[in-house]
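Novice: After the structure tokens below, expect a handful of questions from me.
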Amino acid sequence: MVSYKLTYFNGRGAGEVSRQIFAYAGQQYEDNRVTQEQWPALKETCAAPFGQLPFLEVDGKKLAQSHAIARFLAREFKLNGKTAWEEAQVNSLADQYKDYSSEARPYFYAVMGFGPGDVETLKKDIFLPAFEKFYGFLVNFLKASGSGFLVGDSLTWIDLAIAQHSADLIAKGGDFSKFPELKAHAEKIQAIPQIKKWIETRPVTPF
């Protein structure tokens, strides 16, 4: 029997999509949550392959980088698309999501108190342009699939990632008036029984 251990901070962040993959698959794993106080010592021991979180251990073997972990788990549990083309489309969306996250990072860091800058100025100048561009792309994918999922006619891991991000934005008062399709998408994905149960029972964290 394969043993899985996911190590990440006690927050959703970059570890959440992997947790939701496990939840959807009904797969047992160790959800190892590291506090900010514990992290320096863990980092010093080089337990994390690249000196950062999250990382996944599979029968003791370590895999780092959140999207690499998600792609691996998605393949294991059939959430990577039904064909090679669908998998490539999922990966293209994931890469674009990373680009968007990089563009918007100064705003998110300021909101969380981890970075400098005026939140409202960063929202206007950095976040909103990045958000509207990326979510415009997502609308195109939803329209092309016609299924309510971003790629193909079934759930993939990128649905989980985008739905969680949308839900986080909505919970903080994000304006989805221009993107009702993505609000509906988040509601659809997070109403899937396994995901709904996970959301209801997971630890409550600010991010």
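Glycine too: its Cβ is placed from the backbone N, Cα and C atoms.
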Novice: Given that Swiss-Prot annotates TRP39, LYS43, GLY51, GLN52, LEU53, GLN65, SER66 as glutathione-binding, name the residue from TYR8, TYR97, TYR100 that shares the site.
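Specialist: Answer, per Swiss-Prot (glutathione site with TRP39, LYS43, GLY51, GLN52, LEU53, GLN65, SER66), from TYR8, TYR97, TYR100: TYR8.
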Novice: Cβ neighbours within 10 Å, counted over all protein chains: which one of the binding-site residues GLN52, GLN65, SER66 has the most?
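Specialist: Output for this query is SER66.
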Novice: Which whole-number mean pLDDT does the model give the domain 'GST N-terminal' (2-81)?
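Specialist: A mean pLDDT of 95 is what the model gives the domain 'GST N-terminal' (2-81).
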Novice: Which secondary structure state does DSSP assign to TYR8 (glutathione binding site), in the simple three-class scheme?
Specialist: strand
Novice: If you count Cβ atoms within 10 Å of the Cβ of TYR8 (glutathione binding site), leaving out that atom itself, what do you get?
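Specialist: Around TYR8 (glutathione binding site), other Cβ atoms within 10 Å: 22.
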Novice: Assuming the binding residues for glutathione are exactly those in the record, TYR8, TRP39, LYS43, GLY51, GLN52, LEU53, GLN65, SER66, what is the maximum CA-CA distance in angstrom, rounded?
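Specialist: Max Cα-Cα spread across the glutathione binders: 17 Å.
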